[in-house]
Amino acid sequence: MLKLTPAFATTLNDAYGGDPGCPLGSGMYRHTCPEAEAIIFYWVEQAVSEDSRMAASLLRLHFHDCFGCDASVLLDDTQDFVGEKTAGPNLNSLRGFEVIDKIKSELELLCPQTVSCADILATAARDSVLLSGGPIWEVQMGRKDSITASKDAANNNIPGPNSTVDVLVAKFENLGLTLKDMVALSGAHTIGKARCTTFSSRLQSSSDSENIDFIASLQQLCSGSDNGNIVAHLDLATPATFDNQYFVNLLSGEGLLPSDQTLVNGNDQTRQIVENYVENPLAFFEDFKHSMLKMGNLGSPSNGQIRRDCRTVN
């Protein structure tokens, strides 16, 4: 059993002024698995200390799961089952599964079939943001793990890197999230990396409104024959720090993905929100927390289960 320090509990108490309340999942594991959040934090902290990119990867896992929030993204393919890992938005993109495995393994030793894989994903995402310098929020618990997955749903529902503002808004609104939620959650791209293949259309850009030097640097980076394995920072200025620099970059034409840059080039309303987040980073943090909580409450199945192994149904 790992040795836990009280640092994380202290952080939570400082943030919330003591013992949090108990509506919808607040304090869900206080009696059934009181060390759950500390264990999750320990393993996330270990993983991020070894590879700072892992913070973005764990956050991305939760995002891609939360067009459902049921840990369906964690299910492995079998001979008679096709999961979501090979869907277009996920294949050669999602990582961090082994971190979730380590967390789940320890939780199963301590409190068997108590903490769902979906709750682990939501909490690991929060901890990844915190460890990268971002805000903290109380994760609401009580999600169930799905007993199935849908590759088609993952392909159709997760916004692609070439999405326009209209497509982004439509896909978020289909889930009950607003345009403002979409812009705030896009700020998660302040950390992490993306493959050249995901922003190839940016390389062909010839618009007078584009940042020519930035586009040229991307063209040089991705000029190799094996550019499918080359990655670029989503935020070149502060790549491992969760801050509002992503939005600053957009205003200077340095959004890496087309779906990033379109927030200022493709819609006046989204541009105004971006400009507000540039001027007021605390507003971004507050809106991001609020939108993460909204997103985290989406779609947990009432007929789900608590998996013993996050990669397979019981």
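Heads up, the Cβ atoms here are built off N, Cα and C, so glycines get one too.
In TrEMBL, annotation is done automatically, which means it is predicted and not curated.
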Whichever of Cys69, Cys111, Cys117, Cys196 is disulfide-bonded to Cys33 when TrEMBL is consulted: Cys111
C-beta crowding around His189 (heme b binding site), within 10 angstroms: 24
Cys111 (disulfide bond) versus binding-site residues Asp70, Pro159, His189 - nearest by Cα: Asp70
Disulfide-bonded residues compared (Cys33, Cys66, Cys196, Cys310) - the one with the fewest other Cβ atoms within 10 Å: Cys33
Residue among recorded positions Asp65, Gly68, Ser72, Cys196 with Cα closest to the Cα of Cys310 (disulfide bond): Ser72
Lowest local Cβ density (other Cβ within 10 Å) among disulfide-bonded residues: Cys69, Cys222: Cys222
Candidates Cys66, His189, Cys222 (recorded positions) - the one closest to Glu84 (Ca(2+) 1 binding site) by CA: Cys66
Check: same-chain CB within 8 A of Ca(2+) 1 site center, minus Asp65, Gly68, Asp70, Ser72, Glu84: His64, Cys66, Phe67, Cys69, Ala71, Val73, Leu74, Ala118, Ser146, Ala149, Ala154, Gly299
